[in-house]
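One structure is given below, encoded as C-alpha cells.
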Amino acid sequence: MNFLRTSLMVTLIGVSSLMAKPTIAILATGGTIAGSGTSELKSSYSAGAVTVDKLLAAVPAINDMATIKGEQISSIGSQEMNNQVWLKLAKRVNELLAQPDIDGVVITHGTDTVEETSYFLDLTVKSKKPVVFVAAMRSSTSMSADGPMNLFNAVNVAINKETTGKGVVVVMNDEIHSAREVTKVNTSSVNAFASPNSGKIGTVYYGNVEYYMQPTRKHTVASEFDVSKLEDLPRVDIVYAHPNDTDVMVKAAVSAGAKAIVHAGMGNGNPFPLTQDALADAVKKGVVVARSSRVGSGSTTLEGEVDDAKYGFITTTTLNPQKARVLLMLGLTKTSDKKALQKMFLEY
Ligand SMILES: NC(=O)C[C@H](N)C(=O)O
C-alpha cells in the first residue's frame, strides 16, 4: 500500500515537473522597444521611457508559456551604451544563469548597438542556457509597433530546447541571428538586421522556432574571457578610412590613450598611405592596430594588399569594425601580444 502511494506520488511529481513552465528572466536596458512618443503616426519618440513591467504587460501571452521575472538594468537609448552597462549586464546574466531555477534570459535592447552588446555577452556568458536579445524599430506607442511580436518571439526562442548551446542570439523581425554575425543594415525599416557573412541561423514565426544553422566560432562556455572581476575595459577606438585621408584621427586616438585602434579600411582593409604611416607609428608606440573594413561583409584577409608583418598590424578577419572593437577590448584584458590577439580573431 505504502509502495503504491509512493509510486503514485513519484508519478504525480514527474508529470507536474514535466508540465512546469520554464522560468525566463527578462532584463530591460532601454531602446526603442521601450520608446514612447506623443503620436502613433510620428516617428519621433524618447528611447527607454517605458519600464520593464509595462513592456511585459503589452505581451500577456508570454505568461502562458513561461514564468517571467522582469528586471530593469538601464533605461537608455543604445547609442548611450557604455562599458559600465556591458559589465553590469554580463555579470547579472551570469549570476542568473547560474541559478538552477532560471532557464534562460531575454534582454530588451536598442537596435543601434545590439550587435555589440550581444557579441560582448556571446564572449562573456558562462552558460549554455539561452540568452536572447530583442529590440524594435518602432516605439511602443507607434502604430503597428514591432516590439510586442518581437518580444513574444524572443521568449519562444528562449524556451526552445534547440537554443541551448547556440551562443547568444538576436531575435528581430521573425529572424534569429547569431550575435557574432548580426549587424544593423537599415536605419528605419523593421527589417533592419542581417548576418551578411553567414545568413540568419533560424526563423521564429508567431512563436514557432525553426533552426537551420549552427554558429561555429568559440562562444560562451568555450570562451576564455571572464568579466567577473573587471571594473572597466581597455580603450579601443575606431578610425574610419576615406580617400584623401590624413593622420589626424589616428594621432588623436593614440594621444587619447587608446590601447588599440580598429581601422575601418577601404575594401580589404586598406588605409590611405598617410594614414597607414600613422598606424605604423602607433604600433611602434605599443598600440595594437587591427585592420577591419568599412565594406560590411567579407574578411580582411591575412595576406592582402597590406604587408601586415612589415607594419605590425593584425586583421579582424570577418568581424566588422564595431564587433572587432568588442573582441579587442576583451582580448586586451588577457594579453597585448599581437600574435595571441591575431589568434583570437581566427577563433572567435
Ligand atoms: N530602434 C532603436 O532601438 C534605436 C534606438 N536609438 C536605440 O538603439 O536605442
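Note: Cβ is positioned from N, Cα and C throughout, glycine not excepted.
All TrEMBL annotations are machine predictions without curation.
Among the candidates S46, S74, S75, S78, the residue that TrEMBL annotates alongside T111, D112 as binding substrate is S78.
Here the CA atom of T111 (active site) lies 7 Å from the CA atom of S78 (substrate binding site).
Apart from S78, T111, D112, the substrate site neighbourhood in this chain, defined by C-beta within 8 angstroms of the site C-beta centre, holds G31, T32, G77, Q79, M81, H109, G110, T113, V114, A135, K184. With respect to their backbone Cα atoms, D112 (substrate binding site) and T32 (active site, O-isoaspartyl threonine intermediate) stand 9 Å from each other. For T32 (active site, O-isoaspartyl threonine intermediate), the same-chain residues lying six or more positions away in sequence with a CB closer than 8 A to its CB are Y45, A47, G77, G110, T111, A135, A136, M137, R138, S139, G147.
Each residue in the domain 'L-asparaginase N-terminal' (24-216) has a pLDDT score, and their mean in this model is 97.
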